[in-house]
């Protein structure tokens, strides 16, 4: 056991050294990448040319401040500030400006270096109220480029009716930058309203905080919370099968070592893929979700399952094994390299997911261009997600029985699990009817092998009875799946739903529908029609290969109270399954890193990025969130 700990420490030390080396080299390397094929005079992105930093001073005045890059300027007369119905701007004062003979607008006043606008804002309702400011600004680069106007939504919470009271909370969001918020609580007697920041933006701001250990600890705990979600849970049968493949010869030390290698491979892959996605906007997991790759990986699972059933042994040639694993001799499981490769492929193909902590880290990387801190957060998150896998590995050496019939039964059980994994992966590229049919066949055949239909011997022990009971459950569920499939059902969770079409819950579940779009061209008229009708809009970014999307659909959207709350929304399913040019354009337009993501427009047709949801959400929490959307 001590040797395993020493080996693990060596691996962790090496990874830390690589990350630190990466931090030293990243400035030069990524600068070269970012400027490759561009001239030294290329214009900056608008969010870097004009950095918007709102704040509130001690007098309760709202300060709109832009930090302006060298050789860039903002037009004073192009700045428009429109308050919502519940608040008003009492006074406005501008900072110092410069006169400029502009070739586009003639003689104008512009801001260089810094732009400051001071506002006095109050409630018009006679009491404390919340509202927002729609702020539009436009600027140019002296190299000859003028940017299109940018509109920022600035949410003001608990605005006083009397100006002497300070503002409690101010948050600013745009569709191009991470949300910012400032909290001033000079009057403890006044309740502070919740900050309008999306969950992923809260994680992005957490990374940018001062405490490294607090940040990493928070992401590790977030990883633990995600560890039993569809992002991670499918990986547990994989590592279990690898360990079981060693047979009774596996030791606790070896099991822990292989599990650690697997988790580190998954974590490093998540980290590298996440850093690349944050820097270059390319979701590597999405790139691997095509029918050929998924089909090939499902085939591998099927072959592994057959080896578990004893049809053959999967192992390297003897000459390779003698070189790669002299200490472990002739093993039936994989080598260390094989386990690491399986971890890499599992991260990219088996468990593509998107959750708020992961999205927050990617937003931070993309916004700041700092892959080091974001990469550390991603690695810590991944290690938290890998805790159940390590626990399985640590316990396998003691829980697995010794050689004999029980060991063969355990291996066969893992073989069935691998077959179901293969079917589960194929579900992303085949129809649900094919998935149900294959699942039913596997369960029924498994039940027969478990002697579910054979009578029990008179001297049967408790384990025999339990074994038969599990077999009967498999048989009943498999038969129910077949009956449901033949009656028009299309649900693995509710196989007999087609036979209960008169049920109130089923009827209600069938009422909810979505408008499906696959491009911005298809989405625009839907948004325009909703705006004319005065209806709020929910955009559901979805992909067939997205595990969490399916969970969101079958759990959250299937809830009758959720369906009732969504009834007055225009529901749009933004299908990015193809991951093509149109899908990437939609992701870029709404700053979506990966599905699932829920984005909302209010009744006036105003986008509210601060209300964006990423990942799966509990039905009750989702209903409360919809109430917030309806109140905007």
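The backbone N, Cα and C atoms fix where each Cβ goes, glycine too.
Please treat TrEMBL annotations as automatic predictions, because they have not gone through curation.
Taken verbatim from TrEMBL:
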DISULFID  140-146  disulfide bond
DISULFID  231-353  disulfide bond
DISULFID  546-549  disulfide bond
DOMAIN    506-631  domain 'Thioredoxin'
SIGNAL    1-27  signal peptide
TRANSMEM  212-243  transmembrane segment
TRANSMEM  255-280  transmembrane segment
TRANSMEM  292-312  transmembrane segment
TRANSMEM  333-366  transmembrane segment
TRANSMEM  372-393  transmembrane segment
TRANSMEM  405-426  transmembrane segment
TRANSMEM  432-453  transmembrane segment
TRANSMEM  474-496  transmembrane segment
Open item on the list: Between 146, 546, which of the disulfide-bonded residues has its C-beta surrounded by the fewest other C-beta atoms within 10 Å?
Closed with: 146
- [ ] Determine the mean pLDDT over the domain 'Thioredoxin' (506-631), rounding to the nearest whole number.
- [x] 84
Task: Collapsed DSSP category at residue 140 (disulfide bond) - done: strand
Open item on the list: Which range wins on Cβ pairs under 8 Å with the transmembrane segment (474-496): 292-312, 372-393, 432-453?
Closed with: 432-453
TODO: Could you give the residue numbers and ranges of same-chain residues that sit at least 6 residues beyond the transmembrane segment (432-453) on either side and whose C-beta is under 8 angstroms from one of its C-beta atoms?
DONE: 412, 416, 419-420, 423-424, 426, 467-468, 470-472, 474-475, 477-479, 481-482, 484-485, 489-492, 495
Open item on the list: Can you tell me whether DSSP puts residue 146 (disulfide bond) in helix, strand or coil?
Closed with: strand
Task: the domain 'Thioredoxin' (506-631): DSSP-derived helix, strand, coil residue counts - done: 61 helix, 23 strand, 42 coil
Task: Between residue 140 (disulfide bond) and residue 546 (disulfide bond), the C-alpha gap once rounded to whole angstrom - done: 41
- [ ] List the Cα distance (Å, whole number) between residue 146 (disulfide bond) and residue 546 (disulfide bond).
- [x] 39
Task: C-beta crowding around residue 140 (disulfide bond), within 10 angstroms - done: 23
